[in-house]
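The transmembrane segment annotation in TrEMBL covers 27-52, 84-104, 119-136, 156-179, 185-206. What TrEMBL records for 28-209 is domain 'Cation efflux protein transmembrane'.
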Amino acid sequence: MTEYHHEHTHDHEERVTASHLHIYVKAWLITFVIAGLELVGAILSGSFALLADITHVFTDTIVGLAPVSVEVMKKKTVISRERIEAAGGVLVSAFLIFIGYHIIGEANEHLAGGHEEVSGLLMFIFSGLAALGNLYQHRLLSRVSPMHRHAAHSGFHFHILTDLVKNMILPFLGLWIYFGGGSEIDAYAGYAIGWLIILRAVLLVLESLFGKHVVQHGLDRFVHWIIR
């Protein structure tokens, strides 16, 4: 009876994992669609913010495939899931900081270079299409997020929040430029994207080192200190 229960449970876990892998791979492929839209939009419109966001979008690939990596690693090593997650979180954070640092450097060069022509209408169209793809991607990931601790990271939730804000702001900035607003705001948007990536990385590495509850408690106290 015990052996049957063990085999039945193992088969069920394999079916659930296979289902999750299908969703993660689908969300991963959508990443390339989003990046393609932003690349074409950046080339046609001259928007640095769209170009900067391509690297931001590709960081989703790394974070999105993290649960799959843990599933593979835990079958091939005796290292605990917690240590695999912690090591992965530190590595991903280092990569995010590297990307964010270079985006900020590029943004500073654009700001120092003076006025640049940006087509606000094209920026609006392509950032809007990319935003729709990103929202669909998060809907896919939300189907499995309750069943993976990765999706409970404050860094992950912060990433979703910043994605939602970005998805609204970039099309709005496109309209702003189209109706006569200064195009330098595009470089500032790229600058903000770089810092958001770094902030996300800091949250992720803190959780990897000290645990989710410790970081969440610290964030709660910080927010309370701000609004009091």
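A Cβ is built for glycine as well, from the same backbone N, Cα and C atoms used for every other residue.
Outside the transmembrane segment (119-136), and at least 6 residues removed from its termini, the chain residues within Cβ reach (under 8 Å) are 30, 33-34, 37-38, 40-42, 44-47, 49-50, 53, 57, 163-164, 166-168, 170-171, 173-179, 181, 183, 186. Counting residues 6+ beyond its ends, the transmembrane segment (27-52) has Cβ neighbours under 8 Å at 58, 60-61, 64-65, 103, 106-107, 110, 116-123, 125-127, 129-130, 133-134, 136-137, 140-141, 170, 173-174, 186-187, 189-190, 193-194 in the same chain.
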